[in-house]
Amino acid sequence: MSGMVDLKEFLAELGKTQKELKNVIEQAKDIGLELRTNSKMTPEEAEKLYKYIVDGIKEQIQSNRPIKKDKEGAATPKASNKKTSKTPKKEEAKSQLKPKNTKKKKKEAPTPILKKKGIEIVDTFENKTPPVENAPKVVTPSQSQIEKAKQKLQEIQKSREALNKLTQSNTNNANNANSAKKEISEVAKQEREQEHLDNKRRENIKRYTGFRVIKRNDDENETQNSVTENKKPTQSAVAIFEDIKKEWQEKDKETKKAKKSNKPKAIPAAKNNKSHKIDFSDARDFKGNNDIYDDETDEILLFDLHEQDNLNEEEEKEIRQNINDRARIQRKNPWMNEGGIKRQSKKKRVFRNDNSQKVVQSVISIPEEVCVYEFAQKANLNLADVIKTLFNLGLMVTKNDFLDKDSIEILAEEFHLEISVQNTLEEFEVEEVLEGVKKERPPVVTIMGHVDHGKTSLLDKIRDKRVAHTEAGGITQHIGAYMVEKNGKWVSFIDTPGHEAFSQMRNRGAQVTDIAVIVIAADDGVKQQTVEALEHAKVANVPVIFAMNKMDKPNVNLDKLKAECAELGYNPVDWGGEYEFIPISAKTGDGIDNLLETILIQADIMELKAIEEGRARAVVLEGSVEKGRGAVATVIVQSGTLSVGDSFFAETAFGKVRTMTDDQGKSIQNLKPSMVALITGLSEVPPAGSVLIGVENDSIARLQAQKRATYLRQKALSKSTKVSFDELSEMVANKELKNIPVVIKADTQGSLEAIKNSLLELNNEEVAIQVIHSGVGGITENDLSLVASSEHAVILGFNIRPTGNVKNKAKEYNVSIKTYTVIYALIEEMRSLLLGLMSPIIEEEHTGQAEVRETFNIPKVGTIAGCVVSDGVITRGIKVRLIRDGVVIHTGEILSLKRFKDDAKEVSKGYECGIMLENYNEIKVGDVFETYKEIHKKRTL
């Protein structure tokens, strides 16, 4: 039974598991083969079953298997090895073989039923010529048989070339196969993709079927030496096939040269020292009528039915490389699904784990506005650690949220960092590096101080014009910039508002100034805005000159004023300090020349210089919308020269300078450092305090403005996402939060910002002002539609008036419009409005106290307490607390109050009375009644 194929081995060759054994047995029944779990089958049966399972070729099996009980028949190869009669078996095999040679010549081959020792059966299950059921005995062919074999070669040459072409095309590319094998190759390809990589490797390896020539062992040659010596030397089968093989090789070379095709890969020989393998993978039939082989020859030709031992490693590597390349292409393909993206994100997560090994920097430099992830990158910290630290401190942020100054300071303390904040906009600006000779420039002087201390009047006297009278209420509400000439030298003055609402405007004035003049009224002394102005000047690191105004008034105490300044750290020169205190009178003009000379001396000491060549860099002091001009801005140049026709951008605004007008109303063409002018040609009103940058053309200006707009939009979204735990708690607790939606319109950008900040300061935990829209310019129909869509909304206008059409639309929409010319009135009216929405403060007033001496239970009425008034007056219907042993038991109202049997409105101290509470009867002797009334008071902001 050595030639039989075990069913389990057959399953292993197919790459199937024991679970699929039942399906294989059912498929064997379809071709007439009865199998069981431990059954064995002949190689012929195994081959037909393999073709049926893999290729779908159904060949019925004739049941000619030997009966195991008939031991004398010697039907199995094992029994044939015993010494029995040989001649009858050979003749029987011939008689069975001849009829099949006439019908199917190309599907016949010798069967491995021989009596020789050392016979090896090899099976690849892909042989193109299936073996016959009963193989003939092997004998040595004659010379005529050799000639017939050569003639047979010519007859099958056409079919051999077609099959050879099919084999070659399958080796290069499975998709270029002929139509006869195309469907089979596609089905096999789909099956290979569905199975495991091991099955894929086994099925992709090229297999070959051939004849194995096996030599006798030395002991066999010795036992049969007498038989072989008596025979004459004849040509062996190996020689026959070697001649045939040479002819094929010569014809193959001619065919390949003509078609310029690639040479097929050589098949590695089996590792057997005593055997030779001849490749017949092209289904060539060499079975002739006289192909009878002698058993007694030294060499035997057997049909190869075993799988090839040596695997083609190069093909295996190529298959694996193709799979890897295809997977790599799919991962990098942008049109694929998200699988590749997830793969890359895993790599990023592995990379992030290495962040724990980073060396944290001790000193870092960051911009004023920095995101969480940017801070982590600058400090070389793990992003998760930064977010976790903020979370533990009660602030929930994402990596794209911006950090405020407090958060940056907290992170610096937590991670032991030293942080320097840089005030740059390099990411959004295209400022060129200015190279050239620096020239002397005029000083920029900012006049600051408390409201109504005479700042604008001082500047008015210097300019000899009545500027203060043009402001509403005599209060400066805009930044004014002017140029004044003194002793042949120019000085630029910036007048800032003194009202508390204009803190940001004073801050902008201090940032662009060289010298700060603090105006203090000699009869009023240092006030709140005076201290604030000094703080702005200190932060800007600019020298300070004190102007003691209103010296013309009586009862002026200069020593008191100097003492107040000295307490703040500003010691006068005559007191041994370094600060100049100059007495002036803006009304009479006394001391103004001395002030100007002091300013020029300070400017000479500072040696103020700037580069005049190149692109301009300026600061926007104020922006507004003027009728007939559109958006305009007051700017002061810091470096370079701004000319008419130059392209520029400032924050989200951009444009080209159309006109420039100085403080005298004259048109100018060029604006040099420290000069101020009003420019037109802007796309929108720029924010006050923004930096104006001159660029090469309009395209660059538009691009930079769009970048800045995107940045500001992200920052605004970041503010809406950040929330603290305390804010969440307040939002949950204050379900009845009241707010007033407003639309604010003003004539200038600076005034608009001042109003917004002042109104937002009025917000508290109960009521709030919600600014749904704000802008510079007149009231439009768009503003009305915004207010109409919001309940209880109002429009606030500052220094503007609605047109007739807008008024009609407002009546139609039932929208309230309120306009103001003084900021005081606007803020106070909104304060009153908020106070009206706020719930009043409730206070309690103690009115009386009574002690329970006896209780009376009256059916269907309740419990009446007999009391004595010990303090105050007890009134009917008043609120009362029932106190027992110092603990409040009940709070309610007095339902009935009687004096003996008569009803009483009130009972005074020292008198007895009867008290019955509303819906409460659990009164005991010794309890105390305490009466009180609630007083509602208005809240204050």
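From the backbone N, Cα and C atoms, a Cβ is placed for every residue, glycine too.
Residues or ranges marked as compositional bias 'Basic and acidic residues' by Swiss-Prot: 147-163 (among others).
The compositional bias 'Low complexity' annotation in Swiss-Prot covers 164-179.
The compositional bias 'Basic and acidic residues' annotation in Swiss-Prot covers 180-204 (among others).
According to Swiss-Prot, the feature domain 'tr-type G' maps to 440-609.
Positions annotated as GTP binding site by Swiss-Prot: 449-456, 495-499, 549-552.
Per-residue pLDDT, averaged along the region 'G2' (474-478), amounts to 44 for this model. As annotated by Swiss-Prot, region 'G2' applies to 474-478.
Per Swiss-Prot, the feature region 'G3' maps to 495-498; the stated evidence is similarity to another entry.
Classification of G449 (GTP binding site) by DSSP places it within a strand.
In three-state terms derived from DSSP, K455 (GTP binding site) belongs to a helical segment. Neighbour count (other Cβ atoms within 10 Å of the Cβ, all protein chains): 28 for G449 (GTP binding site). Looking only at the binding-site residues D452, K455, M551, the densest Cβ neighbourhood within 10 Å occurs at K455.
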